[in-house]
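Scroll down for the structure; my scribbles are underneath it.
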Amino acid sequence: MSDTTKPPMARKMGLTAERVHGERRVEDPSRSVMTPPKEELRANVKDLSFWYGEFQALHAVNLPIARNKVTALIGASGCGKSTLLRCFNRMHDLYPGNRYGGEIDLQPEGQNIIAPGIDPILIRLRIGMVFQKPNPFPKTIYENVASGLRIRGIRSRAVLDERVEVSLRQAALWDEVKDRLHQSAYGLSGGQQQRLCIARTLAPNPEIILFDEPTSALDPIATAKIEDLFTDLRDDYTIVIVTHNMQQAARISDYLAFMHLGKMIEFGPTDECFVKPKHAMTEEYITGRFG
C-alpha cells in the first residue's frame with residue numbers, strides 16, 4: 001500500500017499498513033482494552049454509569065487519570081466523552097433527574113466526588129473547566145481572573161494582583177493585556193478570550209483542569225497558542241481534554257481514551273494507541289474507516 005492509498009490519519013500519523021493491520025486486534029465491542037498508566041494517579045474512574053433521566057449515557061466506564069499528564073478523550077459525536085468529562089466537576093448536578101453510578105475517586109485521599117453529601121461547589125474549586133466557546137464574564141479582564149479567588153474568600157489586593165498576573169502569564173496572555181487589565185474582556189479577540197478563560201480557571205489553583213474542545217471555535221493561529229500551553233501546564237496540573245481533532249490529540253496528549261456509545265473501548269499511552277491500537281474499533285476510528 002502506497003502512502004497515497006493509506007487512510008488520511010494513517011498518513012498523518014506516519015502509520016504503515018503493517019503496523020496498523022499486522023496484528024490481531026480485539027474485535028468484541030463489549031470488551032475494553034486498558035493499559036494502565038505507570039505514573040501516580042490523580043483520579044480514578046471506577047464503573048461509572050450516568051443517566052439523563054431514563055436514558056443511560058455512560059455504561060460502567062473505567063478510566064485512570066495520571067498525575068501531571070494530559071489525557072485525551074476521543075470518539076464519534078454522541079459517544080459520551082463530554083458527558084464523562086462533565087461528571088468530574090459535577091456539572092450534571094445543575095439539571096434535575098440526572099444521576100450517577102459508580103465512583104470517581106480523587107487521589108491520593110480516595111474521596112469519591114460523586115458520592116451523596118459531597119458539595120459540588122467545593123469539587124469545582126478543585127476541578128476547573130474550560131468550555132468549547134470562550135465565555136468571559138461581562139467584567140474587566142482583571143475581574144474575570146480575580147472572580148474565582150474572591151469566591152474563595154481572598155480579599156487582599158496584593159494577593160489578588162499577584163494571582164491575576166501569574167495566571168495571565170501561565171495562559172500566555174499577560175504581555176497582551178497588562179496595559180488594559182481594567183477594560184472589558186469583550187474587547188479581546190476570540191483566541192484571547194479563550195486564554196482569559198484558561199487564566200480564570202487557573203487562578204484558584206485547581207488540581208485538575210477539564211477542557212471540552214477548547215479550540216474548536218478558534219482559528220489555527222489561536223489554536224496553536226493554546227496547544228502550546230499544554231506542555232507548560234502539565235508541570236503543575238493534571239489535564240483531561242475532549243477533542244474531535246486526531247492530530248491535536250496526538251500532539252498534546254500523553255494518554256488516549258477512545259469511547260463508543262457510552263463505553264470505554266480502549267485506553268493507553270497515546271503513541272501506542274495511534275501506532276499499535278489493541279482494539280479493532282480504535283484502529284478503524286483513528287484511520288478514518290470508522291462507521
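Just so you know, the numbers here start at 1 and follow the chain as drawn.
Cβ coordinates are placed from backbone N, Cα and C, and glycine is handled just like the others.
Residues or ranges marked as domain 'ABC transporter' by Swiss-Prot: 43-286. Here Swiss-Prot flags Gly75, Ala76, Ser77, Gly78, Cys79, Gly80, Lys81, Ser82 as ATP binding site, drawing on sequence analysis.
Features recorded in Swiss-Prot, as mapped to the structure shown.
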residue	record	Cβ neighbours (10 Å)
Gly75	ATP binding site	25
Ala76	ATP binding site	14
Ser77	ATP binding site	7
Gly78	ATP binding site	13
Cys79	ATP binding site	23
Gly80	ATP binding site	22
Lys81	ATP binding site	27
Ser82	ATP binding site	19
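Gly75 (ATP binding site) falls outside any helix or strand according to DSSP and counts as coil. In sequence order, Thr83, Met259, His260 are the residues of the same chain, not among Gly75, Ala76, Ser77, Gly78, Cys79, Gly80, Lys81, Ser82, whose CB sits within 8 A of the CB centroid for the ATP site. On the 0 to 100 pLDDT scale, the model's mean across the domain 'ABC transporter' (43-286) is 96. The secondary structure of Gly80 (ATP binding site), as reduced to three states from DSSP, is coil rather than helix or strand.
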